[in-house]
Amino acid sequence: MQQFLTLGALWTLFNVATTISLPKYSSSQTYFAQSDPNIPVSQVDDTNNFGLKSQYSWDDVVSNLASNEKLFFLQRHGQGWHNVAPSNFSRVDWNCYWAEQSGRDGVVWEDAELTPKGVQQIQNLHQRIKDTPDFPQPEKFFVSPLRRTLQTWNITWNGLPHKTPLIKEFAREIYGIDSESKRHNKTFIHNYVPSFEFESGFTEQDENWSPDKSESDQHCDYRAAVLLQDIFNDSPDEKVISVVLHSGIIYCLLDVVGHRYFPMATGGAIPVVIAIENYNTDYPLNDAWDTFKDWCPNPPASISGTATSTATGSA
């Protein structure tokens, strides 16, 4: 059962606990160049067979999975409007004001959709999957509830063998403060992707996002561990899993499974063999949230492009 907690419930929990015990995870370093610490990241060619080493086939990977292992295909959404918007502002203006707004001049980055470039990136990925000999077709599909990931799933998998994806709350991006991490309500999402399914307990309103606090890397790691536990529990017999999500939560997933850092461009994907161990470990939660002051430690006297004065508090 998913340990699915709203922001309010999480706050209550953190007042009485600084750690949560969840399964320990590990990842294989055998099959993929991205996973091999002996291969410098700069020398990894993940455009060739998604990084699968030449001495192995996809069948080698899947047929040799242990009973507690699965092959995860972790996919980052294509470029969204929130990825390009910050280039129009100074870093301090973006962090202290514009990131919290819904958009500007007709460009919406709140729960951002894909840019034309982002659509093309995912069309290219779709073709790469289609052209990859013996590509292991996922047996279960999971996706973040944000619009850019829902679009990405549709463009990637429509026209390829697939099953109905399950929308997972904890597959979302690091959330809080900035508007790009705030999801639409459940009714909107259903109308946006009517054929998708929601996990049990998915709330109508976004009860996790807050305008005042953002989850820390520590909390993101905890959430990644919960997400993996859910997927392993929901997929006892499936060996190949697809998850469409975001760079922040992907990095947390890699951290939790002991995988080295690997940069993920928009529209990218990384295959990872992940094992769930038969024992638990403690995930610390003593520093679970960042505040607006962490985002904007030195507010400017004014924000470019607005009449806003942070000195007077007007907005």
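Cβ coordinates come from backbone N, Cα and C, glycine included.
Keep in mind it's a predicted model, so treat the numbers as computed, not measured.
Now, the feature entries from Swiss-Prot:
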type     : residues : note
SIGNAL   : 1-19     : signal peptide
ACT_SITE : HIS77    : active site, tele-phosphohistidine intermediate
CARBOHYD : ASN88    : N-linked glycosylation site
CARBOHYD : ASN154   : N-linked glycosylation site
ACT_SITE : GLU173   : active site, proton donor/acceptor
CARBOHYD : ASN185   : N-linked glycosylation site
SITE     : HIS246   : site 'Transition state stabilizer'
LIPID    : ASN286   : GPI-anchor amidated asparagine
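This view paints the features noted in Swiss-Prot onto the structure.
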residue : record                                          : Cβ within 10 Å
HIS77   : active site, tele-phosphohistidine intermediate : 32
ASN88   : N-linked glycosylation site                     : 14
ASN154  : N-linked glycosylation site                     : 18
GLU173  : active site, proton donor/acceptor              : 24
ASN185  : N-linked glycosylation site                     : 12
HIS246  : site 'Transition state stabilizer'              : 26
ASN286  : GPI-anchor amidated asparagine                  : 10
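Here the C-alpha separation of GLU173 (active site, proton donor/acceptor) and HIS246 (site 'Transition state stabilizer') works out to 5 Å.
Cα-Cα distance from ASN154 (N-linked glycosylation site) to ASN88 (N-linked glycosylation site): 29 Å (rounded to the nearest whole number). Taking the Cα of HIS77 (active site, tele-phosphohistidine intermediate) as the reference point, the closest of the recorded positions ASN88, ASN185, HIS246, ASN286 is HIS246. The residue listed as 'GPI-anchor amidated asparagine' sits 30 Å from ASN185 (N-linked glycosylation site), counting Cα to Cα. Secondary structure at the residue listed as 'active site, tele-phosphohistidine intermediate', taken from DSSP and collapsed to helix, strand or coil, is coil. A coil conformation is recorded for ASN185 (N-linked glycosylation site) in the three-state DSSP classification, outside any helix or strand. Taken residue by residue with DSSP, ASN286 (GPI-anchor amidated asparagine) is part of neither helix nor strand, so it is coil.
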